[in-house]
Amino acid sequence: MAKSKFERTKPHVNIGTIGHVDHGKTSLTAAITKFFGEFKAYDQIDAAPEERARGITISTAHVEYETENRHYAHVDCPGHADYVKNMITGAAQMDGAILVVSAADGPMPQTREHILLARQVGVPAIVVFLNKVDQVDDSELLDLVELEVRELLSKYDFPGDDVPIVKGSALAALEDKDKSIGEDAVRLLMSEVDKYIPTPERPVDQPFLMPIEDVFSISGRGTVVTGRVERGVIKVGEEIEIIGIRPTSKTTVTGVEMFRKLLDQGQAGDNIGALLRGVDREGIERGQVLAKPGSVTPHTRFKAEAYILTKDEGGRHTPFFTNYRPQFYFRTTDVTGIVTLPEGTEMVMPGDNVAMDVSLIVPIAMEEKLRFAIREGGRTVGAGIVSKIIE
């Protein structure tokens, strides 16, 4: 029996459930699979396998399902720390999130923290599921909780007034009880997710960028750089910029090779070698990027959200303070940077997540949402994401 090819006719979107512990994220995930995918019971999702992303162990459950319009990959994490790590490392990229809030409790500390993280790591859109509505008899109380959630979203720069909020009960949906707050609510939620969470631009449609991994000299032909195309398409004869570490320069791609074969173009996901016109072997190095002119710029100072590994995760054994100088691993190379902690934060303990300012000793091609590892002598001690560029 031939293996069936994965039919991708529908647009693909990555989403996940976020929210406070015990508000019903996993029950809702199970309920969605019940109506839109291959049913996964609560226990199957809750026993999430451990994965390693950028040297950090994270427990994440992955399920997939589809609506009439889209195919979804959905992540759900068992513990709060897993969410923090997941969102900061981007182990599971989220194009949108379903925020689950218990109507009985209203927003709680982790509700706030997950919304803040979603803002910091650039999750584009949030849809809310107000869960456990069968535990609240007073409709005015429900309206109050909804208002609180909207205010909290607005506080962190999400459009609180416009965010869709669906009221229901994941448990009722799982147990085939009260259809109006069970199955109907889950179906309504997914139709809101379909409409409200934007379809991400495919990597191949974005401006060309390729991090340089290696540089070779080929006698009689010139300099070849190799790497995996992160996004966009590069065609032979196109002009590109070389960005980062040194002053930005321009060159023309005179050849593209893959698996030793000559191509007329390379695209997102391809591992290619690019032959560059008039570039000296000494004039280019690992850690720089090739990019469409004007699409990305080099920077040294930025604000970041970072997670610092615990000792058990192989991280530091001691806290660090302002002026900490580790290496920041961007794409393919380490660059030393100096950390400034926010006012009122005396020190950062292993296991914390923190907003910090970083100043690199050389510029790197950078944009918001770019992820990095924090390393000391080649050992990963943290992970982060650029939340804002300063200069």
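Cβ coordinates are placed from backbone N, Cα and C, and glycine is handled just like the others.
Annotated by Swiss-Prot as region 'G2', the relevant range among 55-59, 70-74, 205-209, 300-304 is 55-59. Looking just at the region 'G3' (76-79), the mean pLDDT is 89. Under the three-state DSSP scheme, Asp22 (GTP binding site) falls in the coil class.
For the region 'G2' (55-59), DSSP puts the residue distribution at 0 helix, 4 strand, 1 coil. Mapped onto DSSP helix, strand and coil, the region 'G3' (76-79) counts 0 helix, 1 strand, 3 coil. In this structure the alpha carbons, written CA, of Thr26 (Mg(2+) binding site) and Cys77 (GTP binding site) are 8 Å apart.
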